[in-house]
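Everything on this sheet refers to the single structure shown next.
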Amino acid sequence: MSDRLTLLRPDDWHIHLRDGAVLPHTVGDVARTFARAIIMPNLVPPVRNAAEAGAYRERILAARPAGSRFEPLMVLYLTDRTSPEDVRAAKASGIVYAAKLYPAGATTNSDSGVTSIDNIFPAIEALAEVGMPLLVHGEVTRSEIDVFDREKRFIDEHMRRVVERFPTLKVVFEHITTSDAAQFVTEAPANVGATITAQHLLYNRNHMLVGGIRPHFYCLPILKRNTHQVALLDAATSGNPKFFLGTDSAPHARHAKEAACGCAGCYTAYAAIEMYAEAFEQRNALDKLEGFASLHGPAFYGLPANTDTITLVREEWTAPDSLPFGEQTVVPLRAGEKLRWRLLEENA
């Protein structure tokens, strides 16, 4: 078994960078490993049009480390009021690569999200016409639906209908967490793909809840039972190009996580590819990591793969207990724990 693993430089097809004083920290972490990233638009206020996307992009570019060529790929936040003209203008801007469907109330800063998918059918039709992917946070939000069932219910109530109604639309089922979602994507047409996070490959709800509540494992969609974790590992390591890397790295200040009503989100950008390598190694599937991390995503988006490389070495190191986050700190996933792979920084 080799102690070195060289991959074409990967991209992150789903990340939260936040805004303001924290950007130098979050952008620095993602740029360390990834060439490009799909930037989530759930700011306050959200990124609703091409002009707002352009302004946010400039703030991200200004926060890049010296010499970095990291490229943010911007995303439009869909609301009930998003028009086909908004979609066409976003496409014409050349900097917006997708549009994001957040059901209202599904996750952090989603209050401006879509209250009924039917409300945005004209915008979705425009997405299909211009060839821009629809990114979907696939959970229903009705209070009577159990939090562990919300992804499956979304598939049954909405996802199948959208895919059937818009057969040419590229759809990314983001951060899938269930065997139901993995099966749906596998059986769907080629224009339907999915991202999978490192935490959903490495952990299940027992890790979050047994022996005490661990708030830094709490994210949305929530970790599920181990049978779903196994199904996600099967999908990610299968070599199926429908599945690709999306960290959903989502930082919150320590006090916002370690609280009586803590925020959802795991911060993984600082060591994401190292964590994915651990998950793939558990399946003896390190040979499949480059496809998942570096090839499948660009192919789905119709973009070229990166040509430079990164190298991981099998070397234990201890994750930091906390990281700077503006004037505060963020506790990363795996804080204080050993990681088995390390990125050679000279290749970053």
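Heads up, the Cβ atoms here are built off N, Cα and C, so glycines get one too.
In Swiss-Prot this protein carries:
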- HIS14, HIS16, LYS100, ASP248: Zn(2+) 1 binding site (BINDING)
- HIS16, LEU17, ARG18, ASN42, HIS137, LEU220, HIS252, ALA264: substrate binding site (BINDING)
- LYS100, HIS137, HIS175: Zn(2+) 2 binding site (BINDING)
- LYS100: N6-carboxylysine (MOD_RES)
- ASP248: active site (ACT_SITE)
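Annotated features taken from Swiss-Prot, shown on the structure.
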{"residue": "HIS16", "record": "Zn(2+) 1 binding site", "CB count, 10 Å": "25"}
{"residue": "ARG18", "record": "substrate binding site", "CB count, 10 Å": "22"}
{"residue": "ASN42", "record": "substrate binding site", "CB count, 10 Å": "23"}
{"residue": "LYS100", "record": "Zn(2+) 1 binding site", "CB count, 10 Å": "26"}
{"residue": "HIS137", "record": "substrate binding site", "CB count, 10 Å": "25"}
{"residue": "HIS175", "record": "Zn(2+) 2 binding site", "CB count, 10 Å": "26"}
{"residue": "LEU220", "record": "substrate binding site", "CB count, 10 Å": "20"}
{"residue": "ASP248", "record": "Zn(2+) 1 binding site", "CB count, 10 Å": "28"}
{"residue": "HIS252", "record": "substrate binding site", "CB count, 10 Å": "25"}
{"residue": "ALA264", "record": "substrate binding site", "CB count, 10 Å": "16"}
HIS175 (Zn(2+) 2 binding site) to LEU220 (substrate binding site), Cα to Cα, whole Å, comes out at 9
Nearest to HIS252 (substrate binding site) by C-alpha distance, among the binding-site residues HIS14, HIS16, LYS100, is HIS16
Nearest to HIS137 (substrate binding site) by C-alpha distance, among the binding-site residues HIS14, HIS16, LYS100, ASP248, is LYS100
Between the C-alpha atoms of ASN42 (substrate binding site) and ASP248 (Zn(2+) 1 binding site), the distance in angstrom, to the nearest integer, is 12
The correct three-state DSSP answer for LEU220 (substrate binding site) is coil
Of the binding-site residues listed (HIS14, LEU17), the greatest number of other CB atoms within 10 A surrounds the CB of HIS14
Spacing of the two Cα atoms, LEU17 (substrate binding site) and ASP248 (Zn(2+) 1 binding site), in whole angstrom, works out to 10
Those same-chain residues, other than HIS14, HIS16, LYS100, ASP248, found with Cβ within 8 Å of the centroid of the Zn(2+) 1-site Cβ atoms are ILE15, ILE38, MET40, ASN42, LEU135, GLU174, HIS175, GLY246, ALA250
